[in-house]
Amino acid sequence: MDDNKRKSLDAALKSLDKTFGKGTILRLGDKEVEKIDSIPTGSVGLDLALGIGGVPKGRIIEIYGPESSGKTTLTLHIIAECQKKGGVCAFIDAEHALDVKYAKDLGVDTENLYISQPDFGEQALEIVETIARSGAIDLIVVDSVAALTPKAEIEGDMGDQHVGLQARLMSQALRELTGIVHKMNTTVIFINQIRMKIGMMGYGTPETTTGGNALKFYSSVRLDVRKTATLKQNDEPIGNRVKVKVAKNKVAPPFKQAEFDVMFGEGVSREGELIDYGVKLDIIDKSGAWFSYKASKLGQGRENAKAFLKENPAIADEITQAIQNSIGIDSMILGAKEDDEGDE
């Protein structure tokens, strides 16, 4: 660059710094690439699939899927993990359906969880924006986009047409919210539901999410949550097998998948993931229906092996450490306790 151009650029940069603050625009080579902070999801496999050890901080996240697929359970685990690291969380319960006892069973500190049950969509999104601007909240969960009903629709008569009203509401809110959450390093998770496209024929998926296309565009990460099987013991349902696909990822390579068990009343099964990864990495030996680790017989059948690990946390921690060493990821991803002990 010649001297005249450089002088003109320097003058423009100084003017921008004076008007908008220092660091408004920087040359990429002069700025170190920042490591993206993350919040663990409570699932080893999903943290790995996301590529950075969890959901990114300071970004908008969409978690969507059919009903009863495990979306809210996953977000409650993320809240619990955020609180373990000293984070402050808020839950915008637009569906008015939060089960406080279940949240507590999953490890959520409900005493210190901020909750709001808004009456209409505009109020919910205004609450999200206000608490995000405060800079004091680390994680905000909105459950769900489908329940963010515009005020005009609530106050209108049954049968009135309100075409595109919710989509416009989401688009306007997200335009403002994206910059705020990035600046304040606040993560906002929107839970969304699946709908079938009307009159869909030919190629392409017949499914879509509610609230228009704005959330798809502004989300840094989109997680597609699906139930693949019902887990049974003695013919009694005890949980679901869940598959999560990273449908969009702006912070790491997308399209990776993770599968894990979600047990009724307990949430994501850590022991189930230890068995899955242990067998995959030859840390746990599987011979027929029997699982064993070193000299210890874990049990016959997967559920018995999971029960053994739950009753023997020392062996579970040892397997966790072995998996960690084998994969070469830090303790944050596997939810080990070293980070917490180091902070004290």
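Cβ atoms are placed via backbone N, Cα and C, with glycine included.
Database features, via Swiss-Prot:
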type    : residues                               : note
BINDING : G65, P66, E67, S68, S69, G70, K71, T72 : ATP binding site
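Location within the structure of each feature annotated in Swiss-Prot.
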residue: G65; record: ATP binding site; Cβ contacts under 8 Å, 6 or more apart: K71, Q193, I194, D224, V225, R226
residue: P66; record: ATP binding site; Cβ contacts under 8 Å, 6 or more apart: Q193, I194, R226, K227
residue: E67; record: ATP binding site; Cβ contacts under 8 Å, 6 or more apart: Q193
residue: S68; record: ATP binding site; Cβ contacts under 8 Å, 6 or more apart: K227
residue: S69; record: ATP binding site; Cβ contacts under 8 Å, 6 or more apart: V225, R226, K227, N240, V242
residue: G70; record: ATP binding site; Cβ contacts under 8 Å, 6 or more apart: V225, K227, N240, V242, V262
residue: T72; record: ATP binding site; Cβ contacts under 8 Å, 6 or more apart: D143, I191
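Look at K71 (ATP binding site): DSSP puts it in a helix. Cβ-based neighbour count (10 Å, all protein chains) for K71 (ATP binding site) stands at 24. When secondary structure is read from DSSP and collapsed to three states, P66 (ATP binding site) falls in the coil class.
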